Amino acid sequence: METLFNGTLLVGGRDQDSTGFAWWAGNARLINLSGKLLGAHVAHAGLIVFWAGAMNLFEVAHFVPEKPMYEQGLILLPHLATLGWGVGPGGEVIDTFPYFVSGVLHLISSAVLGFGGVYHSLIGPETLEESFPFFGYVWKDKNKMTTILGIHLILLGAGALLLVGKAMYFGGVYDTWAPGGGDVRVITNPTGNPATIFGYLLKSPFGGEGWICSVDNMEDIIGGHLWIGFICIAGGIWHILTKPFAWARRALVWSGEAYLSYSLGAVSVMAFTACCFVWFNNTAYPSEFYGPTGPEASQAQAFTFLVRDQRLGANVGSAQGPTGLGKYLMRSPTGEIIFGGETMRFWDLRAPWLEPLRGPNGLDLNKLRNDIQPWQERRSAEYMTHAPLGSLNSVGGVATEINAVNYVSPRSWLSTSHFVLGFFFFVAHLWHAGRARAAAAGFEKGIERETEPALSMKPLN
């Protein structure tokens, strides 16, 4: 296979003739050089952690405590706040120092990783098998590959348990459902019941079911991490101690490109799940930091004008709108009292500022008349004008709303980016899976270059 006119281009001593890949194929040139591939991965990790630290400090430097996070284009500080750092009742930021510490720690870590990446890319051994057999591998060594899989699973399980530890023993996490409008809370009694935890997995992903994205309390979130932490660690130990069964050896393709395709497919699924989670879920992604969900902003508008007009003397229980349905309140098909108007489509929204006003049969008219608290009014008015809308030129908010702010919600950014990247990763999964299967079947010869017109043309220079 030939792509260069003269085939003489060398990059780092790894040329096309010796590897079968041109310079632009990147790490494909390192498939059989475990030491250099380690360097590439460690350097990549350094870049990732450097971005996290630098962006973290950038957000801290630009942060204005008097404005909500979601109005300031922040995507990292909301995550730190959700973990309970630097915030108090109602999600108010009371201390930015933990955010600064987080940024500095990531920057320092990135320097260590960067040094390791440069060392293994330029100085360390090209292959690890001879000097460090524990870290060496051959792609077709099925037992070694499942051992590496096991190590990864143990690390993932440990990561899940770190969140459990933070929530239960190290200061707690932010719970948007804490009474009075949210607060940092230690989760003392995480859900251990497997029927509850795995019931989420068995739910439909459609409609009001919402699969795992429907989780609506911190006990279930931390309990889920507890379960998944132990499952990942147990699975990791299993894969380290065992060899692949015969059916797995036959069914799977055992090559570097195949493992790449499996990984891309897994990340794609996680990206699509994250997209739905951040868009719909206001427990794992509290609206105090990420802005309201779409249904939440819509219901907030109905609630805000119900409050206003009720003060002006309207009978919100019986007033009719232009369609003859209830202007402020109506009944769902199953009889619950819900907000009227266009927001009826979001009647099953659950939000901490609204739930105290419900009774056994939907919204409670008596509570709406007598029990609405000022913090509920303020929060709904704020959410009403901060719907998670936005465009490519970063002009967000409701286009027809004169009180709206030009901003793009972090929910818009995070859900859109994860959807787009998840789609790209899915296409990459199909691409590399096809190549890996073709190579395993023995008919992947590359593109036929013998008759390519460009080969018979003069060089450009």
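Glycine is no exception: its Cβ is also placed from the backbone N, Cα and C atoms.
According to Swiss-Prot, the [CaMn4O5] cluster binding site annotation covers E355. Within its own chain, E355 ([CaMn4O5] cluster binding site) has no residue 6 or more apart in sequence whose C-beta sits under 8 angstroms from its own.
Per Swiss-Prot, N-acetylthreonine is recorded for T3.
The phosphothreonine annotation in Swiss-Prot covers T3.
Feature annotation from Swiss-Prot assigns transmembrane segment to 57-81 (among others).
The transmembrane segment annotation in Swiss-Prot covers 122-143 (among others).
Among the features that Swiss-Prot reports, transmembrane segment is placed at 166-188 (among others). Proximity of distant same-chain residues to the transmembrane segment (166-188), defined by a Cβ-Cβ separation under 8 Å and at least 6 residues beyond the stretch ends, is recorded for 81-85, 87-91, 216-219, 222, 282-283, 286-289, 352-353, 375-376, 379.
Swiss-Prot lists 243-263 (among others) with the feature transmembrane segment, giving sequence analysis as the kind of evidence.
Swiss-Prot lists 279-300 (among others) with the feature transmembrane segment.
Feature annotation from Swiss-Prot assigns transmembrane segment to 435-459 (among others).
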Quick test of the contact rule: Cβ under 8 Å, at least six residues beyond the ends. What residues does that give for the transmembrane segment (243-263)?
31, 139-140, 142-143, 145-146, 428-433, 435-437, 439-440
Same chain, outside the transmembrane segment (279-300) by at least 6, Cβ under 8 Å from its Cβ: which residues?
68-71, 77-78, 81-82, 90-91, 174, 176-177, 182, 210, 213-218, 221, 339, 342-343, 345-346, 349, 351-354, 379-384, 386-388, 409-411, 414-415
For E355 ([CaMn4O5] cluster binding site), name the DSSP secondary structure in the helix/strand/coil scheme.
helix
